[in-house]
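What follows is a short report on a single structure.
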Amino acid sequence: MTTTAEKRKILLVEDEVLISLATKKSLEQYRYEVKTASSPEAAIKSIKENLYFDLVLMDLDLNHEIDGIQVAQDILKILEIPIVFLSSHSSLHFIEKTERVTSYGFIVKSSSLTVIDTSIKMALRLFEAKKIIASELESHKRTTKALLEKEDKLATTLNSIGDAVMVTDLSGNITRMNPAATRLTGWNVSEAVGKHIDEVFVIFNVYTKKVVTNPVQTVLEKGEIVGLANHTTLRSRDGKEYQISDSASPIRETNGKIRGAVLVFSDITEKYQQAEAIRLSENLLSESQRIAKIGSWCYVAKTKELKWSAETYNIYGVEASEFQVTIENYLALIHPEDLPYVIERGKRIEEGYTDGGFTDFRIVLKTGEIRYLRGHAEKLLATVYSPEMMIGTVQDVTSQKLETERYRFLFEITSDAVFVSDSNFKVVDVNPSFTQLMGYPREEIIGKSLMLLIFDEDAHKVNQARFQEAQELGRVESRWNFRAKNGNPVTVDVISYALTQDSRLAIFKKVI
């Protein structure tokens, strides 16, 4: 069996191709070397041809004449190897079935990759620990001298293991512990040996603060491997607290009788805090997107993998549980008239152009409702840690779009002359009634100073003051004398409204 520090070699027995590929890819990111087998025959063949696997991940629910339990039994006849079962079931019935074969772990398929990784590592450590304990018992049967030699080797091995290891007898009293265990529990070996495990290994739930049942107790009662639930905290003798992951396994004599238990645990405080920080950050981002109604997405062209945030699903009017996020399905949501434009913009971004970042387009919901969206995207080059990808945001601007269109409609049809200017009285926009009243075509007046049309020489000073007044009060009424394009004077009553800090809207009514 390989013991390289670089990679552990795993045989993944899974008949669902997509699940197998996804699991293989995920485990390889954790520096495991993974070989897959999609059938019982392929699994047995792989074991016979390669006796250097470190662990087998076995699907319990194989859709074949024999299930994962039978395949595991056949493998164990060929090779002594830790087997961890994967199943979509989590009932005690299925767990008990697997424990009759081997007791290195049972993982529900919906578990996170972190849980799977931890379970694999614990299974490997337990396998090594059980080999050590078994070696100790075998040595005892031979000679006292051999036992002492094995004891010395065992002590050296335990002392060199980075994870904490504690061994108990059948009553749960501690018989052995390594330096890592003394560091985390705060008990030295001479004080801890002989004490009950509950006195030295004090654990509780980090959120409820309730004491957690010691896994060694369950192992001794049921004779099965037991792992701690998430969010378990160890309180040391000096009051320090560590977030830990652990697993306990029974120690059996050659006749199968339980002789004690071995507990392996490790300090994952830093990793746990990082995971909690990431979880909090993701929750805050998701909530911020929900409030702002802005979704996000990323697309890896190499793998054609497209991911959406929760708010993106809401914006596109689809359910995450029902909608498969692919480029094809995404494009099917785009309004047919906007589809060529969206595809073209996407290609420009993928090619590295920066002018394709912002896109306004429409989508059609399954109800037939049309939504107006505004998207932004950019391309990120590959790094040592991540592949080349496109990332972006999308915002539902339907209400703003409709409001703008309503404003424009009223702006165009009203019989009152209306203009919009900035703080320097430069004309930003005018409506048809204004051009008709003043005789200036729209394109000729846009960008010009409104002061050029006012007779009063002090108009700029006066109306600048009125502009400030409009900013403060929101509305100002006044009478101005304008000069039409033909030179004729036009007296109008003006109602000015402050739009923003730097712009205002004015409505003219000609004084007859």
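Heads up, the Cβ atoms here are built off N, Cα and C, so glycines get one too.
Per TrEMBL, these features apply:
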- 9-124: domain 'Response regulatory' (DOMAIN)
- 150-223: domain 'PAS' (DOMAIN)
- 228-280: domain 'PAC' (DOMAIN)
- 403-474: domain 'PAS' (DOMAIN)
- ASP59: 4-aspartylphosphate (MOD_RES)
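Mean pLDDT of the predicted structure over the domain 'PAS' (150-223): 87. Using DSSP to sort the residues of the domain 'PAC' (228-280) gives these counts of helix, strand and coil: 12 helix, 26 strand, 15 coil. Helix first, then strand, then coil: DSSP counts for the domain 'Response regulatory' (9-124) stand at 54 helix, 24 strand, 38 coil.
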